[in-house]
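A.B. asks: As annotated in TrEMBL:
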| type | residues | note |
| --- | --- | --- |
| DOMAIN | 63-205 | domain 'Nose resistant-to-fluoxetine protein N-terminal' |
| TRANSMEM | 225-247 | transmembrane segment |
| TRANSMEM | 292-308 | transmembrane segment |
| TRANSMEM | 328-357 | transmembrane segment |
| TRANSMEM | 378-397 | transmembrane segment |
| TRANSMEM | 469-490 | transmembrane segment |
| TRANSMEM | 519-536 | transmembrane segment |
| TRANSMEM | 548-573 | transmembrane segment |
| TRANSMEM | 593-613 | transmembrane segment |
| TRANSMEM | 625-642 | transmembrane segment |
| TRANSMEM | 662-687 | transmembrane segment |
| REGION | 725-755 | region 'Disordered' |
| COMPBIAS | 726-742 | compositional bias 'Polar residues' |
| COMPBIAS | 743-755 | compositional bias 'Basic and acidic residues' |
């Protein structure tokens, strides 16, 4: 024990005392294996043991310089040279825990890169992925081979239904002289493992990647400098805009916040944008429950992506992955990709609701509203998106390093430099999809394409007064959105959804043919359009639904949503037989059913049947986080790739480790998304709204009786909003309480107000002079800020409200008050 302890704490800067310890080290290594090394040399375990335990150096057909430096390395190791011992120490050894899934041995990456031999070469870390391809057993008598060994290791790992015919991947890292290239390393590995090949039974595919200290150093090219220059320009603009804004804050008396010059010069101000980001006020037309729904959905997506990168990372207990589906709760992660349909649904809701409201204000040119909305959509999304693409293509690669850095970050850099233009055209989910820049960007392309196709449904909404036309088009679109995934799945014999740790080929096919395509997501989007249409049409009604129906609706929605998440669990079991109809029905219907479940949740929250769910989702604290969801979606993969690419040693998979990784990634994502929102998203939203989008109409204020329920305002607001249809009764009652006048005369005047056919008639109760000052606080509470994207940073104050109310409804209110005054004078005259 003393010898082992001395060895563990031995310093290699004392070479004179190292011989005995190194000798013990080699004896210890050689004693590990599958028993005594007295078996025949052609046994597969012996070949592997010999290959992994001996110092690795290319020989025979390697380049001349590589052969010379390899000889120096082996000679230095014989002489216990410290730098040679470091190279050997940094290389792979006989692995432990293979049966539990420890297939990746990364050695000591940093130790290898620090090696300096003094003979003209340094250490080079070369990772080799060896893919053993095992054919099915033909039943003929033979000697046990590596295929049998791998098969039984898999069975011992818990793969009781593991079948020969699959491939097994191992990864080993060696530290070799820097003069050896990838071809030298690959040929040396093939030569060393060649005895393991068995004709028509076992074959190998070897891939090698290498990194040195020189390759880890940051070298900037023209593309990098272009991006850095762009960042520098933004920094200057932001500093100047913020400084100007702060100076102007000292002259509030002469400050005109509506002046376009002022808006332009302060659009990049961190001060103003920061205040707007932290505001919890909502726009009068906002659907409050969407704030919480957005943020919870993005957190769910980040957790799912974190779980995925953890599972496919370097772990010692990979054998536990194929058993994840046994735990029912894990299906909310394994099938969590369906959460993206929540965003497609919300996008459809806001599209229909916004267009209908704006077209009502601008009825003369409804499709001018649609066309400008497309321009707004592109201008709002693209600047922040383009800056993130630039970061992927340039500086991201220089942030860190690791054995898998090229595999995770380097690949994204190459893809973004090659296909960045497809992302900016939002076509990257159809063209060069296997080499997509930013793997999560397929959603942005699909969402933009859904916006492009939305006139198919918006036209019947706006053009035809009879609702039947819209519902016919909606039904046709829904049938198509079900039929296309159904037929593709049936014809290509695909899985019904993404089964992550089954066959990788099937997984890729579902991703390419179904998962990222518009026809797969169109169902959720048009259901959102229909929901937005219903919310708009019913915003002037107080819907009274029986408790029995409400309870039944919640029960159906909850059971349906749970069923959609859980059902693929049966598809993960090895004894599950593939059925084309089962897979096709699930592929065709599951996203639409889930969208309908979420639609019921939104509908109930809007109309006052959400209960504590609505209270939770409509909490004001969600508003700032909801504003960050777009930037968070852009930014969160940066930290996932950073963690996966820079990993040095094998870890373990556990719920706690995944949760730790998730919360750390979430916090870092929020910090980066705040920066991205303030610098690249909100400024362009302000510019778009001010200079590109159509001007909002100042002639109307859309207000309906059930706004209190729809937008979650307080009970006092319910006494402010009334429908035109109910104006007779409500005005008569309020007039009686306020003035104690004769109800018959009040009803006569109020009936005149009800029958008023002017377009700008007041749809809610007038505000009498005696109570007018007390009503402004209620009005201000109702008409809150931050609803849809383009209105998120508007200010709302009492003065503007008074002007708008007086402008729009002053004629009606004053006319009614004049009539009441005349009535009182007439009564006094009659009494006298």
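Each Cβ is built from the backbone N, Cα and C atoms, and glycine gets one as well.
Those TrEMBL annotations? Automatic predictions, nothing curated.
Just so it is clear, the model here is predicted, and its values are computed rather than measured.
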A.B. asks: Select the range from 328-357, 469-490, 593-613, 625-642, 662-687 that forms the most Cβ-Cβ pairs under 8 Å with the transmembrane segment (548-573).
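C.D. replies: Between the candidates 328-357, 469-490, 593-613, 625-642, 662-687, the best contact partner of the transmembrane segment (548-573) is 593-613.
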A.B. asks: Between 0 and 100, where does the mean pLDDT of the domain 'Nose resistant-to-fluoxetine protein N-terminal' (63-205) sit?
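C.D. replies: A mean pLDDT of 84 is what the model gives the domain 'Nose resistant-to-fluoxetine protein N-terminal' (63-205).
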A.B. asks: Taking contact to mean three or more C-beta pairs under 8 angstroms, with sequence separation of 6 or more, is the transmembrane segment (625-642) in contact with the transmembrane segment (469-490)?
C.D. replies: no
A.B. asks: Which numbers of helix, strand and coil residues does DSSP report for the domain 'Nose resistant-to-fluoxetine protein N-terminal' (63-205)?
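C.D. replies: Split by secondary structure, the domain 'Nose resistant-to-fluoxetine protein N-terminal' (63-205) comes out as 58 helix, 34 strand, 51 coil.
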A.B. asks: Looking only at residues six or more beyond either end of the transmembrane segment (469-490), which have a C-beta under 8 A from one in the stretch?
C.D. replies: 456-457, 460-461, 463, 496, 513-514, 519-520, 522-523, 526-527, 529-530, 533, 580-581, 583-585, 587-589, 592
A.B. asks: To the transmembrane segment (225-247), which of 292-308, 378-397, 662-687 is linked by the most Cβ pairs under 8 Å?
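C.D. replies: Ranking 292-308, 378-397, 662-687 by Cβ pairs under 8 Å to the transmembrane segment (225-247) puts 378-397 first.
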